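Here is the structure we will look at, set down as structure tokens.
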Amino acid sequence: MAPPQAPVQPPKRRRIGVLTSGGDAPGMNGVVRAVVRMAIHSDCEAFAVYEGYEGLVNGGDMIRQLHWEDVRGWLSRGGTLIGSARCMTFRERPGRLRAAKNMVLRGIDALVVCGGDGSLTGADVFRSEWPGLLKELVETGELTEEQVKPYQILNIVGLVGSIDNDMSGTDATIGCYSSLTRICDAVDDVFDTAFSHQRGFVIEVMGRHCGWLALMSAISTGADWLFVPEMPPKDGWEDDMCAIITKNRKERGKRRTIVIVAEGAQDRHLNKISSSKIKDILTERLNLDTRVTVLGHTQRGGAACAYDRWLSTLQGVEAVRAVLDMKPEAPSPVITIRENKILRMPLMDAVQHTKTVTKHIQNKEFAEAMALRDSEFKEYHFSYINTSTPDHPKLLLPENKRMRIGIIHVGAPAGGMNQATRAAVAYCLTRGHTPLAIHNGFPGLCRHYDDTPICSVREVAWQESDAWVNEGGSDIGTNRGLPGDDLATTAKSFKKFGFDALFVVGGFEAFTAVSQLRQAREKYPEFKIPMTVLPATISNNVPGTEYSLGSDTCLNTLIDFCDAIRQSASSSRRRVFVIETQGGKSGYIATTAGLSVGAVAVYIPEEGIDIKMLARDIDFLRDNFARDKGANRAGKIILRNECASSTYTTQVVADMIKEEAKGRFESRAAVPGHFQQGGKPSPMDRIRALRMATKCMLHLESYAGKSADEIAADELSASVIGIKGSQVLFSPMGGETGLEATETDWARRRPKTEFWLELQDTVNILSGRASVNNATWSCYENA
């Protein structure tokens, strides 16, 4: 029998396959969409392998070419639309032999695999066997020499799609933050019934051998106790747990009790700690009415959150670039993220480290297992311990190291402000410091610092701050007032309350406030104290950081709004919605939201708007709708930052599109306004608030016992904590190389260099806008 016919010469365009394997995770559809569109943009062809490795083994109609329009609307869909399965056949060589044959027949010699460590290991084994598989296919007559000759090299690129976030070498896996969102939503809902009946709840979350979901949900919800596989409790944990819960309820007046347990939790002797066992202990020892809630597969479902949408998109784009960059001898890469930076690392290094963690746990080598988790995991665990056990005698500092720390919010409200304050208060109480909340910003301080019996500066009790764990906005009040309006009164109030340090949470106004205080130190020695800014603003425009608290909450709120608007646009078929985003003169929110919702175009202040740009976009829309005859999901979204242009307002842009459409399609304007500030903070803003606030407290604490002149001489005594690339660091505000002099665009209230600007190109590529012509989309270019 003659072997099946396949192209003797390789196809003109390179063919890249994409598959999703293992357990499904929100964001997998974003990967497929990004790979397909980036491949087409790079003059390649994209093929989807349906049902994971099973589709690769069976071939035929389970390997299909996908075109640009086929993946429209996929970003907002949960699960994986190309299917996933755990394929036992592929684990055996005969199965991989069939898979190799099917790939050659389809002309595919590159594969992007999105799955867990097992799926990625299988992909790397497949690549290592590839030459031998082709040789065997020729020897057995399944294929000819001519058929296999163009496909001697197989390129594999891995993407980690897993809700467990159990892969070493990356801060986050695709789907983990969406899963964390489901958990936090569930626990937030449990709060009300737990409070009403003074009940305890034991909540079991997924994660297998990794405690990331359990740890982050415990931080996000202020859980009283936590069980994770990497750090089993010491013997006698039952007594310790009961003691903490009793103290929280009887001494601190806490009405609800939450215990988070990972499904793989065990003690130091590897005995499983089940949720039912914990419930029995609380019921029998404390006589506490306790319920067990096993969240199960609800943690996998639903649409991807904002973070997983843009992460899957950027990693999918990077995967195609990695395929095109790969050399034959190079190891297969896996695409990872460290803080805000997309990176590549050898796939098998990451897999091996991940498996080593599991082995250490099985060998009771828990310190080694913890050491192999990324530094972020260890920092979060440290922060949780230091903020969940106040008054612990082992953690208290000596009297001469204790400080009076002022805490103030400056600027517009942002998700995470309350959580940062809660973390700071809890850390202060744990270490013996005195946390002093300054209510209603600097104007509140100056007007009411001398009031009686209640003034604007008050000590914060643990009971008060603990209630802020999932509250949005700012409970101590915030506004845009600056100390420069009345420096003398500000200094007088600082002296009255004896502030030893100042913790400022807020946006560009907070940055400006600390700058004013720093510059006034010579005239007012009261300001010769350590001061640090924790950026919190939906605009994400604070110099010294690539991430601000509140920006993720804003993004999630905005994509929910856009998803609903897109549904309306698609139902009306030929309709464009122009949506106005906030963000001041920074286009961060508009750009990242555009990436997360698949916007056709994004207008930002950094690029501006002019008539030529609008004309090109209207032509682009006209061509799109002309090709879309009879297509589903045909609604379009354009995002416009509120300050992109003073002339071309959101309504004007919508009206121009409608006028130029000549009845072929229509447009509407939508302005979500302050809705974008969000309600409850997102889990990412909650956990980063804890981590960053704890780091700020450690930084301020390091100045205890130093003289005023020593503090003023240290450039880091007035600083901003921020994420830069793959690092979290403090940057000095003053000095020749400080943020004020080198990185701040004071006129536009944003950093001089904005890391996210290159994302505009990705938005344009994935919308098809970039391929219209090679002209720049910025009306400021060459101006």
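Using the three backbone atoms N, Cα and C, a Cβ is placed for every residue, glycine included.
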Cross-ref Swiss-Prot: substrate site S162, I163, D164, M206, G207, R208, E263, R291, H297, T298, Q299, R300; candidate in list R199, R256 matching that site is R199
Listed alongside R86, C87, G116, D117, G118, S119 for ATP in Swiss-Prot, from G23, G27, G175, is G23
Taking only the CA atoms, the spacing between R480 (beta-D-fructose 2,6-bisphosphate binding site) and T298 (substrate binding site), expressed in whole angstrom, is 41
Smallest number of other CB atoms within 10 Å: among the binding-site residues R208, R300, that is R208
Expressed in angstrom and rounded to a whole number, the substrate site built from S162, I163, D164, R199, M206, G207, R208, E263, R291, H297, T298, Q299, R300 spans a maximum Cα-Cα distance of 33
G584 (beta-D-fructose 2,6-bisphosphate binding site) to S162 (substrate binding site), Cα to Cα, whole Å, comes out at 35
Spatial hits near D117 (ATP binding site) (Cα distance within 10 Å) out of the binding-site residues S162, R575, Q677 come to S162
On average, residues of the region 'N-terminal catalytic PFK domain 1' (1-389) score a pLDDT of 92
In whole Å, the longest Cα-Cα distance within the recorded ATP binders G23, R86, C87, G116, D117, G118, S119 is 14
Cα-Cα, G118 (ATP binding site) versus D164 (substrate binding site), nearest Å, comes out at 13
Of the binding-site residues listed (R291, R480, R575), the greatest number of other CB atoms within 10 A surrounds the CB of R575
Least crowded of the binding-site residues S119, S162, T298, S539, Q677, counting other Cβ atoms within 10 Å of each Cβ, is T298
